[in-house]
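Student: Annotations per TrEMBL:
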- B:57, B:582: Mg(2+) binding site (BINDING)
- B:76, B:79, B:576: Ni(2+) binding site (BINDING)
- B:79, B:579: Fe cation binding site (BINDING)
């Protein structure tokens, strides 16, 4: 198959695929608004995309359920089709790729060599460490071996979902396979955690698009999550919040209060302790989110949410922080500690080109 | 070894060249396949291995049964929701909880939504590239493609200009050199048979289906709050109904019902105007490629699903058929009892688990799972760098379930064979029509192609059943019934000290069962036997091979370096490995902790 000496830019590919200049700018505008950025950023995004080659992404799967991949292909803006075929180059992904067996392995090797230090490693699932790693075998070898190998020359690593970020369900007590979040085996690369079981589709594509457009990783909180999507509690922006404040609660499923859409706090909603964008971005192109459809939040983007009692137990430690308090502040005060932040601004350059480094915003 | 005759009628011979496919891609989870081909490149021995284990049922022990749906839902994010539904049914069976009619309708709509969505995504995004050569599409004439498309369907996106646009985008994409997910495919392999125009049409629909599938799942979002992994509830469904009063906007109201209704219409339209015409067109070019039947001609199993009336598990109340067929006798459909210890049993002789007596099988209520990762003497490579598996020993993280000792195939084809044997018109008539249109006999159904065709016909049937239950929901609301949950036994102090129950669904990939034992308000034991455990099972103590292995036998591989035929047949089952490999350690086990570096 033909290869070109200079990789195409994102803009080249979009134009060659028949996207007009006008549609392209419209897309940049949509991206800006999806990222909650003002119209002044449209030019920045457009310039970045005009000058960047398509960044290769290697998407590995460990112990997982593939809900993250399924969520990703639900993205409405941008469309998953455009992300996969136009914005980046999805060179390896067991779930979607045509190749199998050694031809698939060759794709991994080729990209790792050709784009050394310039590809993004996206990880769905996590490695089990018990049984010499052989609770998850790929190509006859333990998955953890492949994970370390592929991370070696990555520019940055994305931890998709709660499995890669926190361990998720297979790491719940007693964690029989010793399933381990990826930051415990990859310690020398910036890791962007995008937790949730799964994460919201537009949050996933939003994070990727942000990295491509601004050529850096998003600002992260102390747990490594992008603040733009995980900076506030679901409770803070919940449309049922006025009922909480008014003391109007669902007491039992399908009672009169449930039919009126009252607050689900008393039937176990974890919205007050969960940092995610469900009550703002909502799900499946904004159709609804768990609380809107009558079930409390189960806290699926929080660490160890499986081991915090029943999903129907009432949250007992309701903190009194206002909407301005993010997870770091709440966590720091709760722990009685100060100054534990991490350097979240380790801006990385992915397939960088000198002439647009100035475009990065902070 | 020399040739071995299996009790279920296959002759295995591992004398020829060994081909390994690992990873098997475009599936859910992790799987490895090894085969031996003879001098004519015909498969004479097949070995399928599940290569992951997560231990979810170990994790469930001691937890609140009302939470189990959320844990088991995470067994699989592709067939999302079906484990959750199976779980709430198992708990309700154990505790004797009856659900309201509205909850039954909403659950059915959600389950059928999954069937329609999953089948569509499987066909276009996981399976199509086994039949469709993307690179060949570059040679297509857009005008001829348009004529082909308009001949087979009224779908409006079919003009010469539309296909010209798709073709030029594809050309430029290929010329960029960054082929992404299409890189290193088996393009040009002689096993691809479609003319360029059919390939181009299929590529266009691959992209359209990718856009459209995200619409179907919005039904889960309305009733369950999100997709993947919508929310469920023991005793009913979490979404309340309010179509009249104050606060109706906080519940399922007229706007929500209209949204669901509109999506159902679009789903029916897409399946009937895109999916089915494509399926039939593609089948027309492959109708003499009838490999891959495996166990389907002899042993198939379906638990049945989609109860018309709530809380009635009798066979005649299920709209997806129930029953087992053995030894190819379509005249007799056996009833399956999930609680009879003699019927469903799991074996581990060739699985990486340990039983006290490995010659015996265990019913899921008494299931034991002790991981035991050990490779056979004839394994090539090392414990952590496997080159060739030794199938005479343990070789898979999947157990071997058997029904009355028989290896069984499950899935859309199994359901359609059972339905056909029972003479259910909604199933039999479309099958007969498709076979007649293609000029094929009934026996052609027992093949890779038949498996793929049954899935498409089932997607259509399920989409129409969505309409049926949505209409039923609305008429029940009109009659004044707003109930969506029964909370009489919500509190654990209303439960018996000990209880046990079973729940089933027909997942997109086939018969799914959960078995639960509850003691003192907590889960005492939890077992799942999932579709890919049936289909992907390794050998049992008697030497019966499972459905994957059986389906690969005697298939000719055109080019052993590009085993397209192996992928085609394995994909026709829509394997789900995260589902298949997570059984429970009844007694818990000592967990070895290793140091994290």
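Quick reminder: no glycine exception, Cβ is built from N, Cα and C everywhere.
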Student: Near chain A: which of the binding-site residues B:57, B:76, B:79 have their Cβ closer than 8 Å to one of its Cβ atoms?
Tutor: B:76
Student: Cα of residue B:79 (Ni(2+) binding site) to Cα of residue B:579 (Fe cation binding site): how many Å, rounded?
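Tutor: Pair distance, Cα basis, whole Å: 9 Å.
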Student: Can you check which residues sit near residue B:576 (Ni(2+) binding site), meaning Cβ under 8 Å from its Cβ, same chain, 6 or more apart in sequence, and list them in order?
Tutor: B:27, B:28, B:29, B:76, B:78, B:79, B:509, B:530, B:531, B:532
Student: For residue B:57 (Mg(2+) binding site), what is the tally of other C-beta atoms lying within 10 angstroms of its C-beta?
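Tutor: Result for residue B:57 (Mg(2+) binding site): 28 other Cβ atoms within 10 Å.
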Student: Helix, strand or coil by DSSP: which one applies to residue B:576 (Ni(2+) binding site)?
Tutor: strand
Student: With an 8 Å cut-off on Cβ-Cβ distance and a minimum sequence separation of at least 6, pull the same-chain contacts of residue B:579 (Fe cation binding site), or say none.
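Tutor: B:28, B:29, B:75, B:76, B:79, B:83, B:507, B:509, B:530, B:531, B:532, B:533 - these are the non-local Cβ neighbours of residue B:579 (Fe cation binding site), listed in sequence order.
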